[in-house]
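Heads up, the thing below is written out as structure tokens.
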């Protein structure tokens, strides 16, 4: 073995990239790391602080904006699907540090359904089957990986060496036993050549089982192929010898490493640590830890977590506490710890997992209401014994880490249908005095109800009785009665099993059940004898069903009269008239038109009996009933219902070309004849100016001074400025002022005067011109501000300090330009040009103090670093850190060191604990390097940011390849490709195409499948005669106007070209059409489109223009045209925007066009890139059906989707808010009533509370407070949907004039006032509406309750009080709103 390793010295020297990813540092099975296979680092280096699992970094890639070039449909679709999958997995990893099996399964199924998955998608899925699945056993993970491999291979994915390497990595992470020789044979059979990464992982596979002989064979292969032996190999051999029982040789590996020229790093020591931990040798572990502490190396939290796993897995949990004491628990390491906890529990080491959990710290400002929830949920999934899980819950609560641990566990148990666990937890909660509510049992009852399991129902009722919970009406009606033949048999069964309570709840449930079955006589008897208050609204839906199933009109009338006149049933608002009116409306609305027609006579009789009983209904409800009767084609009944209207409460309710000599002769002749010369004089002056004949122009002006006008002076001033004639320019300006003090020159002439006067040190005159611009409100455009910059920069380059300072001060003070970083550059430049670095730094700092900008700080720092000005560097960094934060300071210093070639110092900066990627800043430096061809600096940036947390590695290498392409350096590009593989980077398709282009240009083989991009030039071939130079300029002018958003000017150019029969490119027409559509110039856009289609073969609009066209067609109600546009765009494989498709669907719904909506649904099926939620179709199809009076069909479809066992949409995402809102806005009362019934049924029968909560919130938002209150009374569980209510409050608080809505919500659900998110939203809304009184009341209420108020809440309240001139009763938080928003967001996102 030593003989194989000693020659590694020269191999290592030849290695282009000796490092391996950090992901190769974990022992097998631990989340995020492999078995003792260690990352190679430079001597003394450590991974950047803040990094997570390396696999997590695979997904931390910022979604790219698509290239401007249009991609063909197959490529674009494949790429967009990859981005979608990446986004889903990335979000999960960012949020939790792991991936769930369900999410990975959904992404896998979506990938397969695309029909043409790509190699990148395969790589992404395979790499997700390892340690990112801590909630799955090792065998399940590997089985999943094999399933993905086989399925994608069937679908035609071509695997390359990166896929085999990914599979190897999964095997190692999952401790999968396999034959490395068979694996190599499999690769050979697929004609895939192994690379260095393959051999390194095969060595790790042998070493994991202690097979040193096998590892030696692979080392031999590597030697013959001249592959470098990296530290990862040495570290694997440490593990191999240890697992072979040879600890002496394991430790000797460190000596061999030194002989090979490598100083063992912390990764190698970590491998040795794990080896001793697996043997339970705590003494050796302590010695290694002590040795590393005394060296330049250090261990990170995640390293200690590996050691904990090694001890636990080997059966030595007694040493875990000692290792836990060494962990610092930095924020970035929390996800690693959480994943270790989950995996320990999965491996039946839940006690150790709980020990680690208890050691985790609470994040800053954490509310202690969800700490450890992830662990408890996983324990429920693993079906741990109830007594153990309850013990965990109590220990968490006693440690004040999770205030509602038992409640949360109960929630998980009910969701997972763990009856025994749920019962045990409920009993524990009851013992502690926590109220157990009936709806907690509904998920358990629902399963038995579906199978008509009477004994199961009885068992659950017994459990309810045992834990002291009385079933409510909904429980009986929805879950108990349906399992029996009659109410009597229910009563008998409950009595027999001693489950019938003495309260009236069961009797009231019986009444509802009788109503449902049409037994009206029993209902009447009950209502007459009832002594308890009973709400009419709670009976309404049931009575409607009862009335329809019984045709005894006398009973109809008697029940209605009783409910109308008896105060027990209509004592609450809105009163008896409204209650009966809505009941009649809903009764008729519940019937079909044929049913109403068949029962016309009985309804007439019913109305007349009500009249005799003196029952009244309001006028507005009467009108609604009339509309219904007209719709049902029974207008004859209107006169019969009219007699019920309460009349006492009725209320009712957009020159030809000439030479200068000719003009001068004409001018003299006119003067001699005594005729006006103004026009000719102006024409002559303009001509001389155009000829740049300043001397002659000034002579003409002097000769005819008495005849001069403002326009002539303006032209002369501009001419003198162009000729750098400050004296005459200033004199002419003074003459203009004497002639007409109110005259205003155009902006360009003022700017020209400032420039020439400043250049000639006439600062006061220049400042006076600036003051005049301000006084006369001269138009300041972006081009004007740019001109100011050039004036200042010119003075700076000339070294004119005072000129720069005074002109800048005047420009900014007068408000002619904002004090931006760009306009302030010259203040620093003037000192840099003079080499005065202290003054340059002071100028930059002064700008920040005065204007909050820090111009040219990078250039100043670079100069200071070059000169070695340590004191000034420290001063600069202290200032930046104080004003812009430590992270900004670190990046400034990092870039300065990179720019100046101080790479060791740059490395130290980027490895600072806690630093994380800032994509915008990194891209800024990349662009700077590319623009100035700084290859070495960019290469070092890419190298040093390898371990930077959340760094988009593909983006970094893409920038590097762009630079290599400029220099045609294919060798470096190829080396970059090797490094990308070693880092396990999943390249985007654009990166692969760029690399392939570099290699092909240099006649090199491309080692991967190149994603194809088909595109053609549809520019019409025009002969030279038809495209003159002048016409080309016209096209450029048109595009220039488009860029400036000048739609009218651009369209006029098009008209001119059209007359001349000049044809532009299709891109130009698409751009013009898009601009016209954005300006809502629909007719003109269609004109351009028609012309392009008739003159360019195959002309089509691009995605963006077609999307705009659809939106404009919808706005004009051209729905058929919009549908045709959408179909054409999809046929061209374009991807229309989400808003365009959504607006078309919504417009079709309001027209009741179900067929067209379903056609769109078929058209966009599989196009996940549009981002259309399935709820868009569900909501709008239902709305369209309701518009067609097909209410029952709409309700049935929604109910089926909600209650189906194979739900396409998870219940928590099944949002019906849009449907409810439109039904309320369109005043579709029958539909609203049926939706209300359906929503309540879903809540009562299936414990699905989102629909009824959405309805409640829409009623509140639309001002229907009474209806909302009644709904809340019927379904009290709405008040417990805290997450939905919080989201509603957040969205509402962002809209003006919505404070009353939030007030109403808090009145209906008072307990929300103590929710920190809700009261923060309330204050935000009050501040937005300037509602000081409400804000004061809220503040006083919260302070009286001694609730902790965050700084953002206090900042908003203080700002509101200051706006109205009232004193602030507390010290105002000093930072900006943005600061506190970010602070609060980070606090809430902190994992617990």
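Cβ atoms are placed via backbone N, Cα and C, with glycine included.
According to Swiss-Prot, the N6-acetyllysine annotation covers 151, 186, 225, 291, 462, 749. What Swiss-Prot records for 821-856 is repeat 'PPR 13'. Under the heading phosphoserine, Swiss-Prot lists 1025, 1026, 1028, 1137, citing similarity to another entry as support. Sequence annotations record features per position, and here Swiss-Prot assigns repeat 'PPR 15' to 1030-1064. The repeat 'PPR 20' annotation in Swiss-Prot covers 1315-1349.
When the Cα of residue 151 (N6-acetyllysine) is compared against those of the modified residues 186, 225, 291, 1137, the shortest separation belongs to 186. Taking 225, 291, 749, 1137 as the modified residues under consideration, the smallest Cα distance to residue 186 (N6-acetyllysine) is found for 225. Among the modified residues listed here, namely 225, 291, 749, 1137, 1137 has its C-alpha nearest to that of residue 462 (N6-acetyllysine). Residues 785, 788-789, 792-793, 795-797, 799-801, 804-805, 808, 811-812, 863-864, 867, 869, 872, 875-876, 879-880, 883-884 of the same chain lie 6 or more positions beyond the ends of the repeat 'PPR 13' (821-856) yet place their CB under 8 Å from a CB of it. Remark: secondary structure over the repeat 'PPR 13' (821-856) totals 29 helix, 0 strand, 7 coil, with classes taken from DSSP.
Cβ crowding, taken as the number of other Cβ atoms within 10 Å, peaks at 749 among the modified residues 151, 186, 225, 291, 749.
The Cβ of residue 462 (N6-acetyllysine) has 14 neighbouring Cβ atoms from other residues within 10 Å, across all protein chains displayed. Using a 10 Å Cβ-Cβ cutoff, residue 1137 (phosphoserine) registers 17 neighbours. Looking at the repeat 'PPR 20' (1315-1349) alone, the prediction's average pLDDT is 84. A Cα-Cα distance of 36 Å separates residue 291 (N6-acetyllysine) from residue 225 (N6-acetyllysine).
The DSSP breakdown of the repeat 'PPR 20' (1315-1349), given as helix, strand and coil counts, is 27 helix, 0 strand, 8 coil. Residue 1137 (phosphoserine) sits 45 Å from residue 749 (N6-acetyllysine), taking the Cα positions as reference. Per-class residue totals from DSSP over the repeat 'PPR 15' (1030-1064), listed helix then strand then coil: 27 helix, 0 strand, 8 coil.
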